[in-house]
Amino acid sequence: MGTLSVNQNKLQKRLRRLAGEAITDFNMIEDGDKVMVCLSGGKDSYTMLDILLYLQKVAPIRFEIVAVNMDQKQPGFPEHVLPEYLKSIGVEYHIVEKDTYSVVKEKIPEGKTTCSLCSRLRRGTLYTFADEIGATKMALGHHRDDILETFFLNMFYGGTLKAMPPKLLADDGRNVVIRPLAYCSEKDIEAYSQLKEFPIIPCNLCGSQENLQRQVVKEMLLEWERKSPGRTEIMFRALQNVVPSQLADRNLFDFASLRIDESATPRFLDVMNL
């Protein structure tokens, strides 16, 4: 890649700045951390690795980066692509082999969504491997749009008000998951991926499942953004400004104990000046 144009330079600086802000805001990476960067071969994880490698050079703290890819034994998976790329940029890496493809195909009927089971199997394997290599943080490539899509998926189809947190302590208590691209838009990541010419590997399991609920939500959000530019950013900001007293979850706010405050100053209506 040659010299960047003005717009390309702005794009790179914006992604680096937003990732740095997210890392700082949520204290994602600390001095001495060993960060396991989960690399799928998609645009998001390539971009995350690229940005983390840059931040590693300029950050005031020291931390290790180890790239990890999980070979799920999907038919036609180009096993040489990631090792060649990671060797070319001088990054320590591991390839974890686990035939989750066969398990998913056996358990999920033809035509049904494989994403949920596939992600659970992959997550469990990666948690175990992170523990084995002594990783203190596990970095995933989810971006702002992923977080918003998950929010609406849970609300529309699950009846819960939750999304993907930028930082998460796993249920096992032994893994801390971080999402450095939490503030970054998919549009910017797509443009950056094309700019950097990452060797993208498509997913044979879920890449062709056009009728997924997530795809429906994604198209809804894209349409909203087309009609009202900036709406996506505003909605994400809302996830950072939660007011439990204005919702209806009794576990988050004690509605039952609300009483009139007898010591409060009374309000008098001046009927003469109405």
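Each position is counted from 1, following the chain as shown.
Every residue gets a Cβ built from N, Cα and C, even glycine.
For reference, Swiss-Prot has these:
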MOTIF     40-45  motif 'PP-loop motif'
BINDING   Cys115, Cys118, Cys206  [4Fe-4S] cluster binding site
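DSSP assigns Cys118 ([4Fe-4S] cluster binding site) to a helical segment in the three-state reduction. Counted within 10 Å of its Cβ, the other Cβ atoms near Cys118 ([4Fe-4S] cluster binding site) come to 21, all protein chains included.
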